[in-house]
(Lines of atoms letter the chains of each structure in order from A and count residues from 1; the text may use other names and numbers.)
(Lines give C-alpha, C1' and ligand atoms only; values in the text may rest on other atoms or scores of the structure.)
Protein backbone atom coordinates (compact mmCIF):
# COMPACT_ATOMS: atom_id res chain seq x y z
CA UNK A 1 0.00 0.00 0.00
CA UNK A 2 2.89 2.29 0.77
CA UNK A 3 4.35 1.86 -2.75
CA UNK A 4 1.06 2.98 -4.30
CA UNK A 5 1.20 6.26 -2.37
CA UNK A 6 4.81 6.76 -3.41
CA UNK A 7 3.87 6.20 -7.07
CA UNK A 8 0.88 8.57 -6.82
CA UNK A 9 3.03 11.22 -5.13
CA UNK A 10 5.80 10.86 -7.72
CA UNK A 11 3.35 11.17 -10.63
CA UNK A 12 1.70 14.19 -9.00
CA UNK A 13 5.08 15.85 -8.46
CA UNK A 14 6.10 15.12 -12.07
CA UNK A 15 2.79 16.55 -13.31
CA UNK A 16 3.29 19.75 -11.32
CA UNK A 17 6.90 20.17 -12.48
CA UNK A 18 6.12 19.56 -16.15
CA UNK A 19 3.04 21.79 -15.93
CA UNK A 20 5.14 24.62 -14.52
CA UNK A 21 7.73 24.13 -17.28
CA UNK A 22 5.03 24.20 -19.98
CA UNK A 23 3.43 27.28 -18.43
CA UNK A 24 6.75 29.11 -18.36
CA UNK A 25 7.56 28.07 -21.95
CA UNK A 26 4.16 29.19 -23.24
CA UNK A 27 4.70 32.69 -21.83
CA UNK A 28 8.40 32.93 -22.68
CA UNK A 29 8.10 31.79 -26.31
CA UNK A 30 4.65 33.19 -27.10
CA UNK A 31 4.19 34.63 -30.58
CA UNK A 32 2.29 37.90 -30.68
CA UNK A 33 -0.32 38.13 -33.46
CA UNK A 34 -1.00 41.38 -35.25
CA UNK A 35 -4.26 42.81 -33.81
CA UNK A 36 -5.24 44.20 -37.23
CA UNK A 37 -5.01 40.72 -38.77
CA UNK A 38 -7.15 39.36 -35.93
CA UNK A 39 -9.81 42.03 -36.54
CA UNK A 40 -9.82 41.42 -40.31
CA UNK A 41 -10.11 37.67 -39.72
CA UNK A 42 -13.08 38.29 -37.40
CA UNK A 43 -14.82 40.34 -40.12
CA UNK A 44 -14.38 37.68 -42.84
CA UNK A 45 -17.20 35.09 -43.17
CA UNK A 46 -14.92 32.08 -42.41
CA UNK A 47 -16.27 30.06 -45.33
CA UNK A 48 -12.71 29.03 -46.35
CA UNK A 49 -13.87 28.93 -49.99
CA UNK A 50 -10.64 30.10 -51.64
CA UNK A 51 -12.34 32.45 -54.12
CA UNK A 52 -9.97 35.21 -53.02
CA UNK A 53 -6.97 33.21 -54.22
CA UNK A 54 -5.83 32.22 -50.73
CA UNK A 55 -6.40 28.82 -49.08
CA UNK A 56 -8.65 30.27 -46.39
CA UNK A 57 -9.85 33.34 -44.55
CA UNK A 58 -6.86 33.59 -42.17
CA UNK A 59 -4.21 33.69 -44.96
CA UNK A 60 -6.28 36.30 -46.80
CA UNK A 61 -6.56 38.38 -43.60
CA UNK A 62 -2.77 38.19 -43.18
CA UNK A 63 -2.25 39.25 -46.80
CA UNK A 64 -4.60 42.23 -46.39
CA UNK A 65 -3.20 43.29 -43.02
CA UNK A 66 0.50 42.71 -43.58
CA UNK A 67 1.11 42.77 -47.33
CA UNK A 68 -1.45 45.32 -48.53
CA UNK A 69 -3.57 42.92 -50.60
CA UNK A 70 -6.80 44.29 -52.10
CA UNK A 71 -9.73 44.34 -49.69
CA UNK A 72 -12.35 43.41 -52.30
CA UNK A 73 -11.55 39.76 -53.02
CA UNK A 74 -13.97 38.08 -50.58
CA UNK A 75 -16.87 36.98 -52.78
CA UNK A 76 -19.02 35.36 -50.04
CA UNK A 77 -18.70 38.44 -47.82
CA UNK A 78 -19.45 40.80 -50.66
CA UNK A 79 -19.75 44.53 -50.29
CA UNK A 80 -20.62 44.46 -46.57
CA UNK A 81 -17.33 42.77 -45.62
CA UNK A 82 -15.34 44.99 -47.99
CA UNK A 83 -16.84 48.14 -46.41
CA UNK A 84 -16.05 46.92 -42.88
CA UNK A 85 -12.44 46.16 -43.82
CA UNK A 86 -12.13 49.54 -45.57
CA UNK A 87 -13.41 51.28 -42.43
CA UNK A 88 -11.03 49.30 -40.22
CA UNK A 89 -7.98 50.08 -42.37
CA UNK A 90 -9.05 53.65 -43.25
CA UNK A 91 -8.77 53.02 -47.00
CA UNK A 92 -11.08 53.83 -49.89
CA UNK A 93 -13.75 51.20 -50.67
CA UNK A 94 -13.18 49.27 -53.88
CA UNK A 95 -15.58 47.49 -56.25
CA UNK A 96 -16.59 44.32 -54.43
CA UNK A 97 -15.63 41.76 -57.07
CA UNK A 98 -12.02 42.69 -57.64
CA UNK A 99 -12.59 43.88 -61.20
CA UNK A 100 -12.81 47.64 -61.41
CA UNK A 101 -14.97 47.65 -64.53
CA UNK A 102 -17.75 45.54 -63.01
CA UNK A 103 -19.21 47.15 -59.90
CA UNK A 104 -22.05 44.69 -59.29
CA UNK A 105 -21.04 41.01 -59.55
CA UNK A 106 -23.70 38.45 -60.38
CA UNK A 107 -24.55 36.31 -57.37
CA UNK A 108 -24.19 32.61 -58.13
CA UNK A 109 -26.13 29.76 -56.53
CA UNK A 110 -25.42 26.03 -56.56
CA UNK A 111 -28.26 24.01 -58.06
CA UNK A 112 -28.52 20.21 -57.73
CA UNK A 113 -30.16 18.13 -60.45
CA UNK A 114 -32.09 15.94 -58.04
CA UNK A 115 -32.85 13.28 -60.67
CA UNK A 116 -29.13 12.50 -61.01
CA UNK A 117 -28.17 12.90 -57.34
CA UNK A 118 -27.13 9.57 -55.81
CA UNK A 119 -26.96 10.86 -52.22
CA UNK A 120 -23.23 10.34 -51.71
CA UNK A 121 -22.97 13.39 -49.35
CA UNK A 122 -19.64 14.52 -50.87
CA UNK A 123 -21.13 17.93 -51.63
CA UNK A 124 -22.37 18.26 -48.04
CA UNK A 125 -18.88 17.53 -46.74
CA UNK A 126 -17.34 20.06 -49.15
CA UNK A 127 -19.74 22.93 -48.38
CA UNK A 128 -18.04 25.33 -45.93
CA UNK A 129 -21.28 27.07 -44.92
CA UNK A 130 -23.58 24.02 -44.58
CA UNK A 131 -25.91 25.23 -47.31
CA UNK A 132 -26.60 21.71 -48.65
CA UNK A 133 -28.99 19.41 -46.81
CA UNK A 134 -29.72 15.76 -47.39
CA UNK A 135 -28.95 12.29 -46.13
CA UNK A 136 -26.99 9.32 -47.41
CA UNK A 137 -28.70 7.77 -50.45
CA UNK A 138 -31.34 10.47 -50.36
CA UNK A 139 -31.95 13.55 -52.44
CA UNK A 140 -29.90 16.66 -51.58
CA UNK A 141 -30.96 20.26 -51.94
CA UNK A 142 -29.32 23.67 -51.59
CA UNK A 143 -30.64 26.30 -49.19
CA UNK A 144 -30.43 29.41 -51.34
CA UNK A 145 -30.26 31.80 -48.38
CA UNK A 146 -27.01 30.22 -47.15
CA UNK A 147 -25.26 29.39 -50.44
CA UNK A 148 -22.34 31.72 -51.19
CA UNK A 149 -21.64 30.38 -54.68
CA UNK A 150 -18.10 29.37 -53.75
CA UNK A 151 -17.99 26.47 -56.25
CA UNK A 152 -16.45 24.03 -53.72
CA UNK A 153 -19.33 21.54 -54.01
CA UNK A 154 -19.15 21.17 -57.80
CA UNK A 155 -15.90 19.22 -58.23
CA UNK A 156 -16.44 16.51 -55.55
CA UNK A 157 -19.77 15.43 -57.11
CA UNK A 158 -19.21 12.06 -58.86
CA UNK A 159 -22.32 12.40 -61.07
CA UNK A 160 -21.71 16.07 -61.97
CA UNK A 161 -25.26 16.97 -61.01
CA UNK A 162 -24.30 20.30 -59.37
CA UNK A 163 -23.88 23.50 -61.33
CA UNK A 164 -23.64 27.17 -60.47
CA UNK A 165 -26.32 29.40 -61.90
CA UNK A 166 -26.86 33.14 -61.59
CA UNK A 167 -29.57 34.07 -59.12
CA UNK A 168 -32.70 35.31 -60.85
CA UNK A 169 -34.13 38.52 -59.54
CA UNK A 170 -37.45 38.20 -57.77
CA UNK A 171 -39.71 40.97 -56.51
CA UNK A 172 -38.13 40.46 -53.08
CA UNK A 173 -34.52 40.74 -54.29
CA UNK A 174 -34.94 43.39 -57.00
CA UNK A 175 -33.83 46.92 -56.12
CA UNK A 176 -34.37 50.25 -57.83
CA UNK A 177 -31.43 51.73 -59.65
CA UNK A 178 -31.93 55.25 -58.37
CA UNK A 179 -29.48 56.74 -60.87
CA UNK A 180 -31.74 55.86 -63.82
CA UNK A 181 -34.95 57.33 -62.41
CA UNK A 182 -35.58 60.75 -63.99
CA UNK A 183 -36.09 63.45 -61.39
CA UNK A 184 -37.58 66.82 -62.23
CA UNK A 185 -37.22 69.60 -59.70
CA UNK A 186 -40.25 71.86 -59.51
CA UNK A 187 -39.66 75.31 -58.03
CA UNK A 188 -42.00 76.15 -55.19
CA UNK A 189 -43.19 79.71 -54.71
CA UNK A 190 -43.14 81.10 -51.21
CA UNK A 191 -46.29 82.99 -50.15
CA UNK A 192 -46.20 85.16 -47.10
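For all residues, glycine too, the Cβ spot is worked out from N, Cα and C.
Features reported for this protein in Swiss-Prot:
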type	residues	note
REGION	1-26	region 'Hydrophobic'
DOMAIN	32-91	domain '4Fe-4S'
DOMAIN	108-137	domain '4Fe-4S ferredoxin-type 1'
BINDING	117, 120, 123, 157	[4Fe-4S] cluster 2 binding site
BINDING	127, 147, 150, 153	[4Fe-4S] cluster 3 binding site
DOMAIN	138-167	domain '4Fe-4S ferredoxin-type 2'
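Positions of the features from Swiss-Prot, shown on the structure.
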| residue | record | DSSP (3 states) |
| --- | --- | --- |
| 117 | [4Fe-4S] cluster 2 binding site | coil |
| 123 | [4Fe-4S] cluster 2 binding site | helix |
| 147 | [4Fe-4S] cluster 3 binding site | coil |
| 153 | [4Fe-4S] cluster 3 binding site | coil |
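Within 10 Å of the Cβ of residue 123 ([4Fe-4S] cluster 2 binding site) there are 24 other Cβ atoms, across all protein chains. Considering only the binding-site residues 117, 120, 123, 157, the residue whose Cα is spatially closest to the Cα of residue 150 ([4Fe-4S] cluster 3 binding site) is 123. Compared over the binding-site residues 117, 120, 127, 147, the count of CB atoms lying within 10 A of a residue's CB peaks at 127. Excluding the listed site residues 117, 120, 123, 157, the same chain places 112, 118, 119, 121, 122, 124, 140, 153, 156, 158, 159, 161, 162 with Cβ atoms within 8 Å of the centre of the [4Fe-4S] cluster 2 site Cβ atoms. Compute the center of the Cβ atoms of 127, 147, 150, 153, which mark the site for [4Fe-4S] cluster 3; besides them, the chain residues with Cβ within 8 Å of that center are 49, 110, 123, 126, 128, 129, 131, 132, 142, 148, 149, 151, 152. Rounded to a whole number, the C-alpha distance linking residue 127 ([4Fe-4S] cluster 3 binding site) with residue 157 ([4Fe-4S] cluster 2 binding site) is 12 angstrom. A Cα-Cα distance of 12 Å separates residue 147 ([4Fe-4S] cluster 3 binding site) from residue 123 ([4Fe-4S] cluster 2 binding site).
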